[in-house]
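K.L.:
Below is one structure. I have some questions about it.
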Amino acid sequence: MCNTNMSVSTDGAVSTSQMPASEQETLVRPKPLLLKLLKSVGAQKDTYTMKEVIFYLGQYIMTKRLYDEKQQHIVYCSNDLLGDLFGVPSFSVKEHRKIYTMIYRNLVVVNQHEPSDSGTSVSENRCHLEGGSDQKDPVQELQEEKPSSSDLVSRPSTSSRRRTISETEEHSDELPGERQRKRHKSDSISLSFDESLALCVIREICCERSSSSESTGTPSNPDLDAGVSEHSGDWLDQDSVSDQFSVEFEVESLDSEDYSLSEEGQELSDEDDEVYRVTVYQAGESDTDSFEEDPEISLADYWKCTSCNEMNPPLPPHCNRCWALRENWLPEDKGKDKGKMPEKAKVENSTQVEEGFDVPDCKRTTVNDSRESCAEENDDKITQASQSQESEDYSQPSTSNSIIHSSQEDVKEFEREETQDKEEIVEPSFPHNAIEPCVICQGRPKNGCIVHGKTGHLMACFTCAKKLKKRNKPCPVCRQPIQMIVLTYFP
């Protein structure tokens, strides 16, 4: 059997214990139309307490199924006795003040326990029963003296101001310690509605649809307990988060104080303390990668700056102190060497021509033979010298012809070399660079192409390039993130 209870909150989160104790125990006599409605759901008396009136109203709405299936806080009573009683076609149980007034219009106070600190009288209550709008609602007065919303949720029995002096004195001993504990807790935040009036709210309507709601422990008697979370399971599933009546949580802050020594008797469980594990990563001062902590780079790999004698790690091309470019960091351009080669060849050829080499002249050899014969024959020195001079004079036109012929052959050779150089320029230039060793290890050839996007750089071996990729290092040349490493083969 599904147990239904009438509550004070919008979603069944707070019971009628928030009502003043004097009003809960006040005997009221329903008017004939309301009495007829109550007796239709099992009421047998003529006078009831406020708890019983709320309970039977909830039973009536449950029995007649006047609530909306989707939005269960809306009650439709246009063609029902409840609509004639309240004078409205529909209402929401969240309209506190409106429903409070409609209920009290149909009640007459029979007996009332008047507490010593109560400022209301019987005539004042009768004005509320008559529906006077100029008077302030008694529960609205309670709202002005509520300590805080967090105290209302944690201690609903202390929210009423209609207590006897003896009851307030009994609870006054408990308040300082509990308030002190609340004061030491850090930034207690409570989300609640503006007013918590004595309203009738249906709780656990959905328990008719599933038998799982029996485990919530709803009491079968009409007395409403002060439990908050036991009866709101089904309503929390149906309503949105914004419809929940009260949610309390704590936010830790640096200014929160520790618990005082007077609270030694109030031991806190492990659930009260929450430990968060935070890992803090300290970033470097610069965006550049540090090679000082790399175990695979030894001091032998460092290079010395020629300007300031500073020892620098192998990868950065510039000195860390004077920002001078490292020597031999980039290979020399082939175009410059090719442009200089013809000039050097011309100079060498001109020197060769002047020295007399590569001149195919048979007379020059005869002159040398005659000189050797002159050294052997001492008698004919003068005659041999004159003959040698004459032979040199006769050989001048032949040597000039040979020089012209050799210069034409040199020009043809230079043209052939230039055509070969042009063909080499058309071919890719990286095979020549790949012959050089790896920039990092200086031992293996450059066969690991560092690819990033549609471009790549060939400046390291495959092993060193894979290490850079594995350590999430950027490209040493352009500082772009490395996408992949390609092992490069050359013919």
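Here the Cβ of each residue, glycine as well, is placed from N, Cα and C on the backbone.
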K.L.:
With Swiss-Prot as the source, identify the stretch among 99-111, 190-202 annotated motif 'Nuclear export signal'.
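P.N.:
Range annotated as motif 'Nuclear export signal' by Swiss-Prot: 190-202.
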K.L.:
Between 90-97, 266-273, 466-473, I'd like to know which one Swiss-Prot lists as motif 'Nucleolar localization signal'.
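P.N.:
Checked against Swiss-Prot: motif 'Nucleolar localization signal' maps to 466-473.
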K.L.:
What does the DSSP secondary structure composition of the zinc finger (438-479) look like, as residue counts for helix, strand and coil?
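P.N.:
For that range the per-state counts are 9 helix, 13 strand, 20 coil.
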K.L.:
Can you break down the zinc finger (299-328) into helix, strand and coil residue counts using DSSP?
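P.N.:
Residue counts for the zinc finger (299-328) by secondary structure: 3 helix, 6 strand, 21 coil.
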